[in-house]
Amino acid sequence: MAAIARSLRRRSSSPSLPAATFFSRFMNTLVLGEHENGFVKPSSLNAVSAAKAIGEDNSVSLLLAGSGPELRDAASRAASSHPSISQVLVADSDVLKHPLAEPWAELVHLVQKKCGYSYIVSASSSFGKNVLPRAAALLDVSPITDVTEILEPRLFIRPIYAGNALCTVRYTGANPCMLTIRPTSFSLPHNADTTSDAASISQVDLSTFTEDTLGKSTWLNNTSQNTERPDLGNANIVVTGGRGLKSAENFKLLEKLAEKLGAAVGATRAAVDAEFVPNDLQVGQTGKIVAPQLYMAFGVSGAIQHLAGMRDSKVIVAINKDADAPIFQVADYGLVADLFKVIPEMLEKIPEK
């Protein structure tokens, strides 16, 4: 890094320009955006906040792909959804209708070759974990995953050992520096006027984008729960059940509680493996990372893999009949009791919304 900085200083007109200042003055970042039903997902806007944290003078472009009216609606809304977005890039093609890794990675490779971004950032979601490593391989760079803090333009912090230790990583490779970030670690700006100064919207030239190398995976279908509950990754309140609920039928008690609280429902790996609930509700190291204002754990023992996915929650409440359960070590409030008595009593006393 020092050698690079010295070389850059010799070529610049300012001989005393520090390395960090040089990078901050000449940075531009591409954020890979997810959208659904005509709206950009909040996790992608968190990624924009992370991109801006790299440097105040960083120019941030948001890349959206897909086809049809939903893509156009998402692009129009994205232009005024975050004050740090300077440009929205739209890749409109039927090949990109579904977020498969192969076409998206080829798209990122194409855009990077044309625009030469300093950074490429994505949320550490299923989409980001699927696309970014493949794109990094095409660009022959090493990505840094699961970043929770940006100290300097090329210095990052990420958790290791299931969140029990924090690792400081300095990127010394070639551009682009590719990152996945934890959305819960980078908040959206408060009191920002996003209705003025909308970003420009530009079409990506896909004339050289072909389907010849994109046949390794095929989109089958999309299944989702028909529910009015908030999305698990962005909910302010999360109620989670573990193996202690014993059956899928008993999970319906938790769902009733979630409806009364306006909360999202989560589950442990053990509950998912036992087929109590679908795997998209899993919270933990191999599931979703959440950081709600209130996290309520029912029948959750507190395995280290689960704690890695929820330890950043603002307030943690644990209900377990085992007084020695590890979950109580991280809980702000704990109740040693039978959840099958606690949940019905809460349902009775909590008023309807």
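Each position is counted from 1, following the chain as shown.
Including glycine, each Cβ sits where the backbone N, Cα and C put it.
Please treat TrEMBL annotations as automatic predictions, because they have not gone through curation.
His306 (FAD binding site) counts 28 other C-beta atoms within 10 Å of its own C-beta, drawing on all protein chains shown. Per TrEMBL, FAD binding site is recorded for Arg243, 268-269, 282-286, 299-306, Asn320.
The feature domain 'Electron transfer flavoprotein alpha/beta-subunit N-terminal' is assigned by TrEMBL to 29-213.
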Those residues of the chain, 6+ apart, with a Cβ under 8 Å from that of Val300 (FAD binding site): Thr240, Gly241, Gly242, Gly244, Thr268, His306, Ala318, Asn320, Ala325, Ile327
